[in-house]
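Quick look at what Swiss-Prot lists:
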TRANSMEM  21-43  transmembrane segment
TRANSMEM  53-71  transmembrane segment
TRANSMEM  88-110  transmembrane segment
TRANSMEM  114-136  transmembrane segment
TRANSMEM  143-165  transmembrane segment
TRANSMEM  175-197  transmembrane segment
TRANSMEM  204-226  transmembrane segment
TRANSMEM  236-253  transmembrane segment
TRANSMEM  265-284  transmembrane segment
TRANSMEM  294-316  transmembrane segment
TRANSMEM  329-351  transmembrane segment
């Protein structure tokens, strides 16, 4: 057999995997570098002011956005940046489960569960109504309502095939989400002293208003571990509302979507892998299979991954995108989010 014979498909698979991993390295290293500078600046603040007024997590977003505003990363950087912004942050969310006991849910009681469901339903109705009043199509209004009220782009991706939304409607509904998501992560902690919120209250507020589970983690880190735990639990409960919403929309859409193909939404579209991992680790922690000595190291790893991911998030946000977003879509998304924030602020004062 000739030594020059072409390699078999089996030999090609490892090479393909290695090349994919290699493609991630430049972008990941860039995000780590931005995160490292952010950590150094936080230490400098601590040395000068004796308090980090702008924490590394927020600094990483701001530095990433500043860098992105005058330098568009070349394609060789993009894969690693995207991986850091999504997968690394999802891993951080999953690991957070190791520090949470389901006793926190039991302590909150049925009132919190009912309140979360009520907020989601009210937000869905108000967001849809506002979007329609602003002249947006029914499908686009549904996408905006689900994205704002449940879990951002994940909800939009799950609902879009159910209602037969086209690419333009999907793009319009998600184009403003990245920027608003960053604004919420940066701005929400400012409400802690302004509204004199406790750690529990702020966690509930973040869980009710921030778009995605990973972003809740980022928004609550400045308020401490208790706030992060509560916020993540509230957000997970909110995400679970996606199932009933999709079922309801499927029943409604089947009546006026006769010309479109019926699409089944898979289980992992409704419940992402990192949420399942979070719940699994939380279960193990509640059963004390995961010992308390693990919580400290896991929390440090989670914090590191979160800062790296926030650097990636900043690097992926181009504020100039605002110029390309339609005025009515921008108004609908912004007003809906403000109303959701107002409802949530009123609610959290019930919980101490």
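The count begins at 1 with the first shown residue.
Using the three backbone atoms N, Cα and C, a Cβ is placed for every residue, glycine included.
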Interface-richest range of 53-71, 114-136, 204-226, 236-253, 329-351 toward the transmembrane segment (294-316), CB pairs under 8 Å: 53-71
For the transmembrane segment (53-71), distant same-chain residues with Cβ under 8 A (at least six beyond the ends): 31, 34-35, 37-39, 41-42, 45, 182, 185-186, 189, 218, 221-222, 303, 306-308, 310-320
Among the ranges 204-226, 236-253, 329-351, the one whose Cβ pairs under 8 Å to the transmembrane segment (114-136) are most numerous: 329-351
